[in-house]
Each structure stands twice: as C-alpha cells, then as structure tokens.
Amino acid sequence: MRRDLVLRVASKFILPPIMLFALYVQFHGDYGPGGGFQAGVIAAAAIILYGLVNGLARAQKMVPQALLEVLMPSGVLIYAAVGVAGLMTGENYLGYDHLAHDAVHGQEWGVFLVEAGVFLTVFSSMIAIFYAFAGRRRS
Amino acid sequence: MIAVHGPVLVVILPLFGALVAALVRRPLLAWAVSLIAAIGSFVVAVALLVQVRAEGVVSYRIGGWAPEIGIEYRVDAVNGLILVLVTAIAVLTLVYARRSVLSEIIPERIAWFYAMLMLCLTGLLGMAVTGDAFNVFVFLEISSLSTYVLIALGRDRRALVAAYQYLIVGTIGATFYVIGVGLLYLATGTLNLGLIVERLPEIASPRALIAAEAFIVVGIALKLALFPLHAWLPNAYAYAPSSATVFLASTATKVAVYLLARYIFGVFGVHLGIGSVAIASVLIVLSLAAMFIASAAAVFQNDIKRLLAFSSVAQVGYITLGLALANQSGITGAFLHIVNHALMKGAAFMAVGAIIYRSGTCKLDELSGIGRTMPVTAAALTIAGLGLIGVPGTSGFISKYYLVLGAFEAGFWWVALLIVASSVIAVLYVGRMMEVIWFREPNQRCRGLGEAPAEMLAPMVVLAGMTIWFGLDAELPASLAGAAAHVLLGARP
C-alpha cells in the first residue's frame, strides 16, 4: 500500500480532536444531543480513519480483534448489570433511584453507566464490521 | 425474588447466558453457562405460570416507570404458556446440542453459536412477555438477527444464501410491523397494548387502524411463515445446524403465532375487518391453502429436513386456522397445536439431527433401512410423524379434534372436512419416510452405523414421550390452552 504523506500528516492532526469530540458527545448526552451510541460511532470512526490511512495491520495492532471480541459483549453486560443493580437495591429492573444517595443522582449514575456500556459495544462493533470487510481478500 | 421480578428474570437470565457464553469462548464452558441460564429461565417461567393460574395477570414495570411512559411486562394465561413452552424446548435443545454442535460447527465458532442461541431465546421470550408494542419490535429484531447468524453457521455453503434470503424477508416483516405500530401510536398516543385497547373506541376514523392492522398482520405473517409468505422457511430450516433447526422449528414460529393472536384478539378484535374482507376469512383461506399446498410440497422432498420444514408450514396453517375460527374450541385447538407441534417437530428434527450425526446425510434415498441400525431415533421420528398425521393416541389427534370441534361450532362443516382431508396428505409424506427407514433393506452406508449417543437420545425420547402422553392424557395441556383461549376471547374489545 502506497503511503501518502499528506494523508498521514493530516490524519495525525485530525485523530485527537475526533477522539476528544467522541468523549464530549459521550458526556454531554445528559444535557444535549448525544450519548453512547453516537460517541461510539465517532470514536470508532477515528480508528477506522487510522486504519484507512495506515493500513489494516497497524490498526489491528492498536485495537486487536481479540480486544473487540471482549468489548462487544462487555458493553451489553455493563448495561444488563446496571439493571440487576437496580434489582438488588430494591427497585425494579433498570430502576436507578437507589443507586446513589437520592433519586436524582441515582438516575444520573444509572444513565451514565448504561451509556458507558452502549459506547463500548457500539465502538467495538463498528470497528469489527470494518475489520471484517477490510480483511476480505479478493479470491 | 421470582414472585416479584419473575417477568424480567425470565428474559435477562438467557441474556446473561448469551453474554457470558460470548466472553468465555471455550466451547464446553459456553455450553454449560447456556444450559444453566436456560434451566434458570425455565424454572422462572414455570413459577410465573403457576402464579398466573393462581392470581391472574402479573404486571411488571421496567425501571419503575408507569405504563403510559415506560415499558410494562405483562404475563397472563396466554403468554405464560408460551414462556414455559419456549424455555422447556430451549433446555432440551441445549442438552441435545452439545454433541451435535461439536460435529457440525468449527470449534472457534461454537461459543458464538451458543451466544446466538441464547440471544434468540432472549428475543423470543421478550416478545412473549412484553406488553409494549415497540418493545415487541426490539425483541423481534434481537431474535431475528441472532436467527440469521444461527442459520448462517450451518455446515453447508447454501446456509449463507438461506440466511440472506431470510434476512431480506425478515427485515421486510419487521419493517411492516414497525410501520403498523407507528400508525397505532399516531392514532392512540401510546405504545402499551393495554392502553391502546382502552383508547381504540375513541378513535373517530378507523382508516389508520385498518392500515395499522394490515401492516402488523402481514409483518407477523412473514415471521410465522403463513402460506404465501413462507418461502424463506424451508431453506432456513434445511441448512441451519441441526440443533438450531430443532430450536427454531419448535419456538420461533410459535411465538409469532402468539403475537398474531395477541393482536387480532387482544388489540384489534377479530371482527374489525380490512375493507369488506374480514381478516378471519382471509386467514381461513390462507390456512387451508397452507395445509394442502405445503403438505403436498412436503410429499415430493428428498431431504428430510426440507420435508419436515414444509410440514411445518402446513402445521402452522392448522394453528392459524384455529385462531381464525375465533371460538373457544378453535383457539384452544390452536394453542394445543402450538404446544403439540413444538413437541413433535422438536422430536422429529432431533431425530434427523441424530441421523446426520451418525450418517452425515439427510437425503431420504440414502437412508434406506436406517431404522434397523438406529431403532430409538427412528422410533422417535415415527412417533413424531404419527403425531403430524394426527393418529389417535398422539397429541396431534387431540389438537385436530379441538380444531374440528371449533369448525363445527363456527358452522363451517366443510372446514372440518378439509382438516381431515389434509391429514391424508400428511399420511403420504410421513408414510414415505417410514417406508424408507423401516421397510427397506439397509444400504451400505447405513449398515455399520450405531445408535445415537445417549445425551442426544434422551431429549428426543422425552419429546416423543410427551407427544404420546399428551395424546393419551390431554387434561393438562387442554386446560392451559383453554385458559389461554378464554383470556383471548374475554379480552376482545
């Protein structure tokens, strides 16, 4: 694969802001548009851009396939486990009221954790789809 | 814990099973985790059914939100029965699956197989347990997406095409369903099925409702493989891994039928017709067509899995016919047949899976005389086949008896006649199987084979035994199905 200097330098400048923006979207989801799904896609886009410019092998060195296969179920597991935490604290499933000292903070914590789970699963699924397509060889 | 949180536990236990199975990645461990989760879910489902029979409806609010804004899980005599059926089949399938999966799926994918099977179970249970129209869609997608993967894991390359075909059709079905739900939401302002029913009488123009009903019924009909929309099913069942076929054939279409019953009785009321054609008469015609045409197609199949798949389309026809009759006996017959068909089709596909496990083929002309080398497996297949015909002494007879009774009650004596007549076609395709496996001299391939391993035989024998048991003593299933029919008819607005 030919390495284009302009693309490589430009992507180096762009990648950190993309990651930062993903975090902004993740944590601003409480107050404005955003949340785990969108943030996961944006963060995955950063890795995919890196893979497009520097090649699949380098991207897989940074985010290995095995890691993705752990992250995908882990995200859902976090979501489901937060639901069970609701059960354990005497609420219904996915009830967050008792997760902190009062109901408002409980809800905040609940949504925060659930969104973190969503982020992990969406982030890793997006990259896994990219790897699956990019890894195909023409027969 | 179970008494209060039962409705949600029954769904999240298999969900956790799927996630842990995907994380551990070791075939045996993933299998053990899945089995434990399925057994747990089964126990909860039985506890729920007992609770429902004692106390009536069990309602559960997810996250503590009121039904107007949140999601309500609602278990009554109808879906309580479905939950027990689906979880029981899941447990038996998992017991059966270990050996079968080892021989059919490459080792690196086995854990993913169990994860997908458990996700599919999660989706099916969720569809049954929820009282929220949109939540049904979410679980429908969970079960469908995992089903596509399950089918694609089949040992044959044609499995990929079958999965893709089902993916297209399934997506169209789900889209139709969600358009229908959108229209309902537009008309009533709520997604809760109970609240939708309450607000229906206030709606001035029934046009949106008629469109909603059309979209929802067609969407679900694609999922349950109602006759002209069944084209995806034979390939999907034929090329999926054997244990996936067992599970899907016994549960997936059954949950879709339950959903159809819930909508046409619980929400729309069967007499709200589409234009001048009442939905009941459409259903009757399509069901009869399924019973005859799909049975006839089954007669000409050489692949036993495809033969049984076409038979499934025909048997679903009996179930929807019972629903379309819309009286106590008809719906009781439909729900009896949901249970009975799940049991006998489960046994039949398990027997075919065992034959594939030993002989590597399921082509009828290569299996002559297999009954002499695998007598228990062939006997299970025979009992299931007799059940499909509806021979007295098997559970198939009981459900058909109720269906005929329902047809007479509805004043359709000719339908009763056609139910009996279509059974004759079942005699043909079952008879063809029986002739090959029992009465022909064993060929080279079948001579040296041994009986299937005990852990594959055990669940098969349990299902075949229940087919006989429910044929001789139908009191338990008949009372459960009767209660379900009662609730559905009582719930009609």
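Glycine is no exception: its Cβ is also placed from the backbone N, Cα and C atoms.
According to TrEMBL, the feature transmembrane segment maps to B:6-24 (among others).
Marked as transmembrane segment by TrEMBL: B:77-97 (among others). With a threshold of 8 Å between CB atoms, the same-chain residues lying at least 6 positions outside the transmembrane segment (B:77-97) that come near it are 10, 14, 31, 34-35, 38-39, 41-42, 44-46, 48-49, 52-53, 114, 117, 121, 124-125, 128-129, 243, 246-247, 250-251, 254-255, 258, 261-262, 335, 338-339, 342, 346, 350, 353, 455-456, 458-460, 462-463, 480-481, 483-484, 486-488.
Feature annotation from TrEMBL assigns transmembrane segment to B:109-128 (among others).
The domain 'NADH:quinone oxidoreductase/Mrp antiporter transmembrane' feature in TrEMBL is assigned to B:132-425.
Residues 71, 104-105, 109, 112-113, 116-117, 119-120, 122-127, 160, 162-163, 166-167, 170-171, 174, 177-178, 181, 185, 191, 223, 236, 239-241, 244, 248, 252, 255, 259 of the same chain lie 6 or more positions beyond the ends of the transmembrane segment (B:134-154) yet place their CB under 8 Å from a CB of it. Per TrEMBL, the feature transmembrane segment maps to B:134-154 (among others).
What TrEMBL lists as transmembrane segment is B:166-188 (among others). With a cut-off of 8 Å between Cβ atoms, the residues of this chain six or more beyond the transmembrane segment (B:166-188) that come close are 133-134, 136-137, 140-141, 144, 147-148, 151, 195-196, 199-200, 203, 208-209, 211-223, 229, 231-232, 235-236, 267.
Sequence annotations record features per position, and here TrEMBL assigns transmembrane segment to B:208-233 (among others).
As annotated by TrEMBL, transmembrane segment applies to B:245-265 (among others).
Under the heading transmembrane segment, TrEMBL lists B:277-300 (among others). Long-range contacts of the transmembrane segment (B:277-300) within the same chain, counting only residues at least 6 positions beyond its ends with a Cβ under 8 Å from a Cβ of the stretch, are 213, 217, 226-228, 230, 264, 268, 270-271, 307-308, 310-311, 313-314, 316-318, 320-321, 323-326, 412, 415, 418-419, 422, 425-426, 428-429, 432.
The transmembrane segment feature in TrEMBL is assigned to B:307-326 (among others). Residues of the same chain lying 6 or more positions beyond the ends of the transmembrane segment (B:307-326) and with a Cβ under 8 Å from any Cβ of it are 224-227, 230, 233-234, 236-238, 249, 253, 257, 260-261, 264-265, 270, 280-281, 283-284, 286-292, 294-295, 297-298, 301, 332-335, 337-338, 341, 345, 348-349, 352, 364, 388, 399-400, 402-403, 406-407, 409-410, 412, 415, 419, 422, 425-426, 429, 433, 489.
The transmembrane segment annotation in TrEMBL covers B:338-357 (among others).
Per TrEMBL, the feature transmembrane segment maps to B:369-391 (among others). Same-chain residues lying 6 or more positions outside the transmembrane segment (B:369-391) and placing a CB less than 8 Å from one of its CB atoms are 311, 315, 340, 343-345, 347-348, 350-352, 354-355, 358-359, 397, 399-400, 423, 426-427, 430, 433-434, 436-438, 440-443, 446-452, 457, 460-461, 463-464, 467-468, 471.
Within the chain, the transmembrane segment (B:411-431) has long-range Cβ neighbours (under 8 A, six or more residues past its boundaries) at 284, 288, 291-292, 295-296, 298-299, 301, 307, 310-311, 314, 318, 321, 325, 385-386, 388-390, 400, 403-404. Residues or ranges marked as transmembrane segment by TrEMBL: B:411-431 (among others).
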Check: For the transmembrane segment (B:338-357), what are the same-chain contacts with Cβ under 8 Å, counting residues 6+ beyond its ends?
Finding: 81-82, 85, 89, 92-93, 96, 99-100, 103-104, 237, 242-243, 245-246, 249-251, 254, 257-258, 304-305, 308, 311-312, 315-316, 318-319, 367, 370, 374, 377-378, 380-381, 383-385, 387-388, 394-396, 398-399, 452-453, 456-457, 459-460, 463-464, 466-467, 470, 477, 480-481
Notebook entry, point to check: Under an 8 Å Cβ to Cβ limit, what residues of the same chain, 6 or more beyond the ends of the transmembrane segment (B:245-265), are close to it?
Noted result: 78-79, 82, 85-86, 89-90, 93, 96-97, 117, 120-121, 124, 127-128, 136, 143, 147, 150, 193, 213, 216-217, 220-221, 223-225, 233, 236-238, 279, 305, 308-309, 312, 316, 319-320, 323, 326, 331, 334, 338, 341-343, 345-346, 349-350, 352-353, 488-489, 491-492
Next item on the list: Run the contact check on the transmembrane segment (B:109-128) against the transmembrane segment (B:6-24): 3 or more C-beta pairs under 8 Å, excluding pairs closer than 6 in sequence.
Entry: yes
